[in-house]
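Here's the structure we're looking at; comments come further down.
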Amino acid sequence: MTPHVMKRDGCKVPFKSERIKEAILRAAKAAGVDDADYCATVAEVVSSQMNARSQVDINEIQTAVENQLMSGPYKQLARAYIEYRHDRDIQREKRGRLNQEIRGLVEQTNSALLNENANKDSKVIPTQRDLLAGIVAKHYARQHLLPRDVVQAHERGDIHYHDLDYSPFFPMFNCMLIDLKGMLTQGFKMGNAEIEPPKSISTATAVTAQIIAQVASHIYGGTTINRIDEVLAPFVTESYNKHRKTADEWQIPDAEGYARSRTEKECYDAFQSLEYEVNTLHTANGQTPFVTFGFGLGTSWESRLIQASILRNRIAGLGKNRKTAVFPKLVFAIRDGLNHKFGDPNYDIKQLALECASKRMYPDILNYDQVVKVTGSFKTPMGCRSFLGVWENENGEQIHDGRNNLGVISLNLPRIALEAKGDETAFWKLLDERLALARKALMTRIARLEGVKARVAPILYMEGACGVRLKADDDVSEIFKNGRASISLGYIGIHETINALFGGEHLYDSEQLRAKGIAIVERLRQAVDQWKDETGYGFSLYSTPSENLCDRFCRLDTAEFGVVPGVTDKGYYTNSFHLDVEKKVNPYDKIDFEAPYPPLANGGFICYGEYPNIQHNLKALEDVWDYSYQHVPYYGTNTPIDECYECGFTGEFECTSKGFTCPKCGNHDAARVSVTRRVCGYLGSPDARPFNAGKQEEVKRRVKHLGNGQIG
């Protein structure tokens, strides 16, 4: 039986003794040894050793040759062979992917790596250190940790193993809802400091900033504080009581008015400091913390004050140029009877949120009733769009804070459609095969966290961020079981998938094609529900944001299938279930088109609309928000808020394949402009940190969602 040789790239090839003989002869020539018979004898001896086995690797063969030569009469030949092997190893290493990727980072020539994440400034040293660590982590995971078929599927573009630069090399998870309430009320240890419960709102927000930085350095996805207005309200009360005590001690007239005024100022300043802190922090991951604040449901004076402070600070902007803050992402909850309609007690806060959205794009909105209907309970998304399902503790209480998502594997749906060549039956068969592979990949994420001790991330597991206080040697995997954590199957390109399968008519214009798109997502949902039942883990379906993936999948498919009209010809794939960005429809019809998908993909979703400048037409924006309240759980507003510091222009810069330019004066100096775009579920500043080529092309093609030039 001929043994197989395991090559360095993982491929298996038949063993050939001729290859050994050729290598020895080359070394003999270099050493000045003219003895072909001896070389052939060495090759035969080594071959006989290898033939006794079913599988060998390259290193074993080379070591056997070296040993044989060292025991022979030609020591210079042995030395020449060893040197030859060493030189080949060096040349191979230089040509290898790891070396090439490191060189691309050092020389700043690998644009795909440098622009992969719009939140990472690849020009600065901390980010470059993170990117370097990511290159090594990816390489090690591909070579030593992940199953070969999973790696090959990722490399081909059948699936995408998200955040391979962090996991599974490190036992990290994706995104989470921090249990801020538990940490602030019970106290915790961070570094060398014992943190006691704060005694004022200013201290509470300062501690919150440190918690965000620590947590964001221990996970690779988004960090969310759920219902922050209600969580921090007691610390506003603490501040009020301090100011009231001061007024009484100094016998200040109108002590009540004084205390409220001082508290309002302190609260505003506290959230201003928090916003600046978040936008100036750099985590160990080489980026600004990707943090989300959920708020809007609090009814107390203190909660309302926090809501107003968050919004007014965002409206004010950052620095002397009043630049739009990218983080925190703001998510404002709307609930009928609270702040939805005129006459509701918090309706004035909604008006402030509308003003803020028109000027700063955030907040996005969570429609309370729809969120409960789709996900089973109300909560803020983790990161930009990942939603937890319902989970109850041993006391039957619904728990959200302290829970997390373990990671995502996304399917390349357009590729399956291209492989099916218009055959719908073949598509469904291939889809089932890819689903089995995706499940295998997702299970590696779970397996990586088994046996991990709490001491690897004290802030998460020992100090309360995950809602638990484990001991250093406790196994963390228990808190991820029985649906407490989610783990998600993602997908991309429903629009291109339908085009590849059926061609012709636009998906939006055909009820039959719409049904086909929904059927695909229904099949994905059936799969994750089945996996959840079979494993007990919280598998969910997630509508992948696709910042980098929209470019990567399309690029790989173009190389494999060529430029296919309606599929690969644009240079990007459409995010998840979203309407084609070039399709001009009014915002209400876009909401109607996308509304069937969140109930199916309830592990992650967002809907949004593109608008002109609506700062002077807030009633029109409110009309769309109100329409969304009845139809979708989570809605975002994209409006032109670019600014030119040369000529004073505010509005929308011209987007080209190369960047952004002021339409009034032609300025495109990144230091003299502010350009803000929604990357996927969050905002980015592409003037300072460019998008990848696919995302830039997608942004360039976006049209405004207007009906006959009007909203409302």
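Note: Cβ is positioned from N, Cα and C throughout, glycine not excepted.
Since this is a predicted model, take the numbers as computed values, not measurements.
Features reported for this protein in Swiss-Prot:
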DOMAIN    3-92  domain 'ATP-cone'
DOMAIN    583-708  domain 'Glycine radical'
BINDING   Cys644, Cys647, Cys662, Cys665  Zn(2+) binding site
MOD_RES   Gly681  glycine radical
Most crowded position, judged by CB atoms within 10 A, among Cys647, Cys662, Cys665 as binding-site residues: Cys662
Cβ within 8 Å of the mean position of the Cβ atoms of Cys644, Cys647, Cys662, Cys665: remaining residues of the chain near Zn(2+): Glu646, Gly648, Phe649, Pro663, Lys664, Gly666, Asn667, Val673
Cβ contacts of Cys644 (Zn(2+) binding site) (under 8 Å, same chain, 6 or more positions away): Thr650, Phe653, Cys662, Lys664, Cys665, Asn667, Arg672, Val673
Arithmetic mean of per-residue pLDDT over the domain 'ATP-cone' (3-92): 86
Residue distribution over DSSP helix, strand and coil in the domain 'ATP-cone' (3-92): 62 helix, 9 strand, 19 coil
